[in-house]
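First comes the structure, then the notes that go with it.
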Amino acid sequence: MLDANKLQQAVDQAYTQFHSLNGGQNADYIPFLANVPGQLAAVAIVTSDGNVYSAGDSDYRFALESISKVCTLALALEDVGPQAVQDKVGADPTGLPFNSVIALELHGGKPLSPLVNAGAIATTSLINAENTEQRWQRILHIQQQLAGEQVALSDEVNQSEQTTNFHNRAIAWLLYSAGYLYCDAMEACDVYTRQCSTLINTIELATLGATLAAGGVNPLTHKRVLQANNVPYILAEMMMEGLYGRSGDWAYRVGLPGKSGVGGGILAVVPGVMGIAAFSPPLDEEGNSVRGQKMVASVAKQLGYNVFKG
């Protein structure tokens, strides 16, 4: 049994130590994100048996952004299976920025990873759907099943994203021309942009992690969301590419599958045990929350979790 006092102390200590850490800046290329108050910070644990521990601004709702890629990858694995995802999208780190097109050029147009923009757009196109709205509703539903029913599209974030997503539109057409997009290019880009524009809070983000930790069963609703045998593929991708250019450093120092988003959220999974999530808007140069990384790493270290430990 996990010690409730120890878990609450871990999040309290992480928050106290790092919530006012200086450094980083909000993403400024998406107008909505530039205006989120930079002093916000939160950290939370949700255990695989459904206990919740949090500190800071844990009710504040922020844009899910790239963490949505985990949810869409999960749905694609349910729809087409791990082999098809590997064949049609890839399962390798790119070693390049999340919005890079260089990896596409180097690998014949194949995006390599579902957790960078090119691969995520391709993954969105893999979802079984007859039209744009069905594709979008299925992705929204999996986000809600994994994290909580309150996860919803923000029209303000979506508008802010849709009017600035020219680079992603270009990526979508490159994928389409290379044969690695499986629906209309602008449909894939539209739905991908929407999936990044949902709002979530830190406890819900930790719930997403706890659902993965529990082998696909949401510990708060007790409903099976994913097949248990698909979860290791998701965690492997998170370990390889979840923090973009910081992924190797994160694996080396923290040793947990993770995923960040430019909205300031960051998630880590302790398989079989818990999800750990944090939020704070200022980002490092790779697009990861500066305080969020420190808070999640602190919780993991205090509790002694690292998947590479014997």
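A Cβ is built for glycine as well, from the same backbone N, Cα and C atoms used for every other residue.
In the record from Swiss-Prot, residues S66, N117, E161, N168, Y192, V262 bind substrate; the candidate from Y15, Y233, Y244, Y305 listed for the same site is Y244. Long-range neighbours of K294 (N6-acetyllysine) (same chain, six or more residues apart, CB within less than 8 Å of its CB): A14, Q17, F18, L21. Comment: substrate site residues S66, N117, E161, N168, Y192, Y244, V262; largest CA to CA distance 20 Å, whole number.
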